[in-house]
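A.B. asks: Annotations for this protein, taken from Swiss-Prot, read as follows:
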BINDING   G169, D170, R171, Q172, T173, G174, K175, T176  ATP binding site
SITE      S373  site 'Required for activity'
Amino acid sequence: MQLNASEISSFIKDKIADYDNKVENKAEGTIVNVSDGIVQIQGLSQAMLGEMIELPNGNFALAMNLERDSVGAVVLGAYEHLREGDKVHCTGRILEVPVGRGLLGRVVDALGNPIDGKGKIDAEGSSPVEKIAPGVIERQSVDQPLQTGLKAIDSMVPLGRGQRELIIGDRQTGKTAIAIDAIINQKNTGVICIYVAIGQKASSIASVVRKLEEADALKHTIVVAASASTSAAMQYIAPYSGCAMGEFFRDRGEDALIIYDDLTKQAWAYRQVSLLLRRPPGREAYPGDVFYLHSRLLERAARINAKEVERLTAGKVKGKTGSLTALPIIETQAGDVSAFVPTNVISITDGQIFLETDLFNSGIRPAINAGLSVSRVGGAAQTQIIKKLGGGIRLALAQYRELAAFAQFASDLDEATRKQLEHGQRVTELMKQKQYAPLSVAEMAISLFAADKGYLDTVAVEDIMAYETALLSFMRENHADLMNTINTTGKYDEAVQTGLKEALDAFVEKRSL
């Protein structure tokens, strides 16, 4: 074959012209050990804490231990295929999850991947799972109510938008039920809800999703599921992922509610990861930074002022504040609130709703202990009519519990004590509420008005719930305008007071016929 010199010259020139002199500098390391979802990597001296490390199959690991000659990373996903000697690379990125309205009505895993079989998610962007909480200057005081629809909570331990209120109690005391009722009650309020399920049975999560669908509440809710079958790393990350999704709405001048169900299991998952990484154990074998684990998460729930919203949206949203309200759940063992994780979370949050097994088993549901439950900032945000009418409820219940214990030993009681006991029994009965049946502000106000003004004093204790149902039905049929006024304004003026008195007098008269 005859080679032409000019052809060879042209070929070489073309190759030189096409040559790209770009050098790609990639930090590469080698896996030296794989066990229980943890990889030890050598040669990644440039790795940063919390950085994503690319694994051979396209999966990622999270760098959590930076040692002198190796990096300890936790694998996000399957790790069975990883072998000693596999090459890994630094990415220079931190973990991000998809955010936006496209997530509403969907069930996703801790990384934001859909697991509900409804196809791809149309996200508006992505956000880092770890973010610094808003500073003091960016915050605004809590002064807007967040109604749960539960009489016992909205009257005694009111919640405000931007608050952190702990729900604490033993297993099977109705903690999740309170959270689900709160989500259902936000249906037409414009509040976006995020439900983060951590370490729960997949069947329990499916049951919650089905209940939200039945109540038509899934369309304003994002469910982040890290079930008991997922890795400890996923259970540890899930709350931060859910928080990032909620912050998207908060930073755009909207209101969001996030429920962490529950943070005890997240602490267990973090303890497991920390022990596998050979971190030194402390009290109850938790690592030294378990307080920071929860404080950096819960401090991100806040109400931010209009100026900060305007800055975050580059001037697109003006004159609106944004809020992220958190309802973390903690499971106690045999009512022990002095354990490590419960005391940590109690000290971080703005109050707690304490649920008792004894109350639950005696049929008082929601099983809220009025004496131990408190809302430190919600009082400033409480609706006026509920604040005025519900003021005596907590006192009546606290006095009743005290007197009931004393009355067990007393043979004869004076008239005043007997009346107080009877009033307490009726109030206790009135505070009972069926699951998945949240009440509006007006319905709540009517029930509290009846208790406050003595309308229940002539009703037998066992008939209180039936009396309340009949009363609310009567009000909906005959006094819808008054109820609309209460729901719209939330005020307790003379006109509302007169209207309620006339309505209840008419109901009593009708009932006596």
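Positions of Cβ are set from backbone N, Cα and C atoms, glycine also.
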A.B. asks: Can you tell which of Q172, T173, T176, S373 has the least company, meaning the fewest other C-beta atoms within 10 angstroms of its C-beta, among these recorded positions?
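C.D. replies: So among Q172, T173, T176, S373, the recorded positions given, the one with the fewest Cβ atoms within 10 Å is Q172.
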A.B. asks: Give me the long-range Cβ neighbours of G174 (ATP binding site): same chain, 6+ apart, Cβ under 8 Å, in sequence order.
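C.D. replies: Residues satisfying the criterion: L355, F360, R365, P366, A367, Q435.
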A.B. asks: In DSSP terms, helix, strand or coil for K175 (ATP binding site)?
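C.D. replies: Reduced to three states, the DSSP call for K175 (ATP binding site) is helix.
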A.B. asks: May I ask which residues of the same chain, at least 6 positions away in sequence, place their Cβ under 8 angstroms from the Cβ of R171 (ATP binding site)?
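C.D. replies: The answer is E331.
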A.B. asks: Using C-alpha atoms, which one of the binding-site residues G169, D170, T173, K175, T176 comes nearest to S373 (site 'Required for activity')?
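C.D. replies: Closest candidate to S373 (site 'Required for activity'), judged by Cα separation, is G169.
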A.B. asks: Excluding G169, D170, R171, Q172, T173, G174, K175, T176, which residues of the same chain place their Cβ within 8 Å of the centroid of the Cβ atoms of the recorded ATP site?
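C.D. replies: Apart from G169, D170, R171, Q172, T173, G174, K175, T176, the close residues are E331, L355, T357, F360, A367.
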A.B. asks: What same-chain residues, at least 6 away in sequence, bring their CB to under 8 Å of the CB of K175 (ATP binding site)?
C.D. replies: I167, I168, G169, D261, D262, I329, E331, L355
A.B. asks: Residues with Cβ closer than 8 Å to the Cβ of D170 (ATP binding site), same chain and 6+ apart in sequence?
C.D. replies: E331, T332, Q333, A334, G335, L355, T357
A.B. asks: Mind giving me a neighbour count for G169 (ATP binding site)? Other Cβ atoms within 10 Å of its Cβ, every protein chain shown.
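C.D. replies: For G169 (ATP binding site), the count of other Cβ atoms within 10 Å is 27.
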A.B. asks: Give the three-state DSSP assignment (helix, strand or coil) for D170 (ATP binding site).
C.D. replies: coil
